[in-house]
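The structure appears right after this line, and notes come after that.
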Amino acid sequence: MTISDVAPGTEASNRARSERGTTDQALRAWVDEIAGLTKPDEIVWCDGSKHEADLLTKQLVAEGKLIKLNPEWRPNSYLARTDPRDVARVEDRTFICSTYEEDAGPTNNWRDPREMREELKHVFDGSMKGRTMYVVPFSMGPLGGPISQLGVEITDSPYVVLSMGIMTRMGDAVYRLIEAGEPWVRTLHSVGYPLVDGVGHRRAEVEWPSNDTKYIVQFPDSREIWSYGSGYGGNALLAKKCFALRIASVMARDEGWLAEHMLLIKITSPGGKSYHVAAAFPSACGKTNLAMLRPTIPGWKVETIGDDIAWMRPGADGRLYAINPEAGFFGVAPGTGETTNPTAVQTLWGNTIFTNVALRPDGDVWWEGLTDTVPPNLTDWEGKPWTPDSGRPAAHPNSRFTVAAAQCPQISDDWDAHDGVPIDAILFGGRRATNVPLVAEARSWKHGVFMGATISSEKTAAAEGTVGELRRDPFAMLPFCGYNMADYWGHWVKMGRVLGENAPKIFQVNWFRKGADGSFLWPGFGENSRVLEWIVGRVEGGADTVDTPIGLLPAAESLDLDGLEITDDALTQLFDVDRDSWLAECDLTEEYFAQFGDRVPAALKAELASLRYHLQHS
Ligand code: GTP
Ligand code: SPV
Ligand code: MN
């Protein structure tokens, strides 16, 4: 018997429910404790079955919280519209509650863990009244894999349950591993919109329940997450940024591995040799696109392993092995089209949840950049009528798709390899209109860590704030590092010592440099395969370089430009290393480092001094 066969609240349903879930005492005790605090009407132990997902989907459609898309165009696919005040990560409401403030560091919001716990107890008291509480067991990475980790998310959002079912390996098998004694991380989420108010009155349900007061709280010492008030993406799918980066980065520091905001790909050369590459770019700066790249150069193949997060550990042979801990893609919709990312477009053929995109009259979805021709009539992401003259985007700039990784037509056969894949090269990038060349190779691991630590990037719509503003985003981890950023750099320096000769080569890339007229100098997307070819050439020990103060740049002719229409002037600008601007960057880097005091690794200070010296003498 499954939960759906019986009426809720009956004796039969209680019996059915007690047959579900887990016998693990610690997990049961935690669920009881949270239920006592949040006071839901009922508790559902999720099993991750298709049946369960179908029921939840039907329920959400019936409640008007999901719109079923026309199955003729988009089978088993749905549109969710969030509250317009709940559309992105909220960095100023994200807290790292380590015991000591210095351990959170100057780039995180720190709060005393004891005070925060007290505050959260008030906030969560009765927060699930009138709602169902779901217990969602999940594995990050293949079940039982040596790099994988388990977690449980308690949530009162069925949208979160469905999304977690796509984004993680969610289901019963995780309970069995927990019962066998595997460690697991506690994550708690409430949309913060109880259906019964403080004095016991019923409150009307809304399409997207959320709360203007939000808390995204990580307790790194006890490896716990408490999230309140948002139903959106990285705020609510706690396995993703909160666990797989903020908490996992702390676990990685303590246990000698790396938890990174990186895509993973396999590249195969015309000669049939395969390489694995990891790349860190800030939010909405091209990870999904590079992960699904289709090379424009003949004979090359790129296959997808992950598009957002990589967990990496030294393997028995001393090399660095990586897994994609996720099982799906939560990708940026705008800008995803046939010409830019045909692979993503094909991945989204069905079984997809779209959030905050526009709706076509024929019951399919649309967003800016999906097609060259703009539909004459749409319903915009807020549910309002829209025409091309409306003067506002039809889809929210941070609208997203949620889809299983296995649906990607170019998913790599080793994407869910139990032991991960060996990494040959690591790329760091950002969105920089000026200064940073298309590609530069680090002279050493330490120089590579310096490149990662000093990345700045223009802000995007993925988080609340001013789009376009330049900010430091070291390793693309600024919003995601669960501890002191300078200690994190130190951890990277240390990992270089552990890996020694086996350490992957490190590169810096920038697809976003602009000319004087404000347009991109480099065509990007599939043409980025030319840069990958050069990087593979370097890994193989070939491809000529020019030594510059900032690193090794491709020598003339060593970057494959066959068949590409690009002017010599654009190329010169793409690779220009302007001495004065870089000296100015050095000053800014020194200022930036200063806030971390003596926690900045000596190796990075030495790299800065060396960069300055070479610029001054160039
Ligand atoms: P998160 O999911 O937020 O971590 O983002 P992401 O890093 O996966 O970014 P994504 O690949 O979704 O790209 C974000 C935006 O950058 C999209 O609008 C893309 O069209 C655009 N973009 C990606 N690659 C390129 C490129 O090579 N050149 C240019 N000009 N734009 C690009
Ligand atoms: C990002 O912002 O880097 C994302 C989307 O990948 S979210 O899951 O909201 O963090
Ligand atoms: Mn991301």
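Every residue gets a Cβ built from N, Cα and C, even glycine.
Per TrEMBL, the feature region 'Disordered' maps to 1-24.
Residues or ranges marked as domain 'Phosphoenolpyruvate carboxykinase GTP-utilising N-terminal' by TrEMBL: 30-253. Residues belonging to the domain 'Phosphoenolpyruvate carboxykinase GTP-utilising N-terminal' (30-253) score a mean pLDDT of 98 in the model.
According to TrEMBL, the substrate binding site annotation covers ARG89, TYR232, GLY233, GLY234, SER283, ASN398, SER399, ARG400. Around the Cβ of ARG400 (substrate binding site), the number of neighbouring Cβ atoms within 10 Å comes to 26.
The Mn(2+) binding site annotation in TrEMBL covers LYS241, HIS261, ASP308. The Cβ of HIS261 (Mn(2+) binding site) has 25 neighbouring Cβ atoms from other residues within 10 Å, across all protein chains displayed.
The feature domain 'Phosphoenolpyruvate carboxykinase C-terminal P-loop' is assigned by TrEMBL to 257-612.
According to TrEMBL, the feature GTP binding site maps to ALA284, CYS285, GLY286, LYS287, THR288, ASN289, ARG400, ARG431, PHE525, GLY526, GLU527, ASN528. In the three-state DSSP scheme, THR288 (GTP binding site) is classed as helix. Sequence-distant neighbours of THR288 (GTP binding site) (same chain, 6+ apart, CB under 8 A from its CB) are LEU263, ASP307, ASP308, PHE329, GLY331, VAL332, THR336, ASN341, ALA344.
Within 10 Å of the C-beta of CYS285 (active site) we count 25 further C-beta atoms, all protein chains included. Marked as active site by TrEMBL: CYS285.
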* Three-class DSSP secondary structure - ARG89 (substrate binding site) -> strand
* Which number gives the other C-beta atoms within 10 angstroms of the C-beta of GLY234 (substrate binding site), all protein chains shown included? -> 26
* **Position of peak Cβ density within 10 Å, selected from the binding-site residues SER283, SER399** => SER399
* Structure fact -> For Mn(2+), residues beyond LYS241, HIS261, ASP308 with C-beta within 8 angstroms of the site's Cβ centre include exactly GLY234, LYS240, ALA244, LEU245, SER283, ILE309, ALA476, PHE480
* Asked: Using an 8 Å cut-off from the Cβ centroid of ARG89, TYR232, GLY233, GLY234, SER283, ASN398, SER399, ARG400, can you name the remaining same-chain residues around the substrate site, in sequence order?
  -> VAL87, ALA88, PHE330, VAL332, ALA462, ALA463
* Asked: If one measures from the C-alpha of ARG400 (substrate binding site) to the C-alpha of ALA284 (GTP binding site), what distance in angstrom results, rounded to a whole number?
  -> 11
* Structure fact -> Checking the binding-site residues ARG89, SER283, GLY286, THR288 against ligand 1, those whose Cβ falls under 6 Å of one of its atoms come out as SER283, GLY286, THR288
